[in-house]
Structure formats: C-alpha cells, structure tokens
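Q: Before anything else, here's the structure in question.
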C-alpha cells in the first residue's frame, strides 16, 4: 500500500493566507505560509520546514522521502529533493488532513 493517496478535499492546496501550518495531531510547528507555493500536484506544496526537526524523514527512493511530524510521528506526505520552484529547493507535498492552519494575528498598537 502506498503511503501517498489522494481522496480529494485538499483544503489547503489553494490556501495562501499568512500564518503557520502545524501538525493536526499534536500542534507542532511544521511549515510557514512563506514557504508555500502553487504546484500542479493535488496536495499543498512547501519548500522548507519551520524547524530542522519539524519533520522526520524515511527514504523511499533516491530523492524522495516519506515525512512525518518530528514530534508525534503523524504521517504528513513526501519531500522531493531538488524539485521545488527554484534550483536547490525541495518540494514537500503534504496532506491537508495532516495539517492545521494558524492564521497570523496582526499586532494591534495600543
């Protein structure tokens, strides 16, 4: 059985508000909206994680890794090395169901 499946309902695919994407299970910080970009795959795509330990990786084949939450192990999707929007950047394809979005709160001056 493939780690990657598509059942539709990728609510974050075309979602580009400012904020942060966290693990849907434990709330650990995974991706910033600044690293999100449009891609032809059916899943939300990111170029980098927030923290070095945001995800754990298991090599699936050369240049492709299964990624899980670095804190709780929740299955997130895949990283494709050097397949991002610019040379040298990765493409993280992540299941919307594995993410929770936290909008950026504008600071109010008092």
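Glycine residues also receive a Cβ, built from the backbone N, Cα and C atoms like all the rest.
As annotated by Swiss-Prot, domain 'MsrB' applies to 1-104. Feature annotation from Swiss-Prot assigns Zn(2+) binding site to 23, 26, 69, 72; the stated evidence is sequence analysis. Taken from Swiss-Prot, the feature active site, nucleophile applies to 93, supported by sequence analysis.
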Q: Do you know the mean pLDDT across the domain 'MsrB' (1-104)?
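A: A mean pLDDT of 91 is what the predicted model shows over the domain 'MsrB' (1-104).
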Q: Looking only at 23, 26, 72, which of these binding-site residues has the biggest number of Cβ atoms within 10 Å around its Cβ?
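A: Highest number of other Cβ atoms within 10 Å: 23.
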Q: Reported as an integer number of Å, what is the Cα distance between residue 26 (Zn(2+) binding site) and the residue listed as 'active site, nucleophile'?
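A: Here the two Cα atoms lie 19 Å apart.
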Q: Measuring Cα to Cα, tell me the gap between residue 69 (Zn(2+) binding site) and the residue listed as 'active site, nucleophile' in whole angstrom.
A: 13
Q: Around the Zn(2+) site (23, 26, 69, 72), what further same-chain residues have their C-beta within 8 angstroms of the site's C-beta centre?
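A: For the Zn(2+) site, the extra neighbours are 24, 25, 27, 28, 70, 71, 73, 74.
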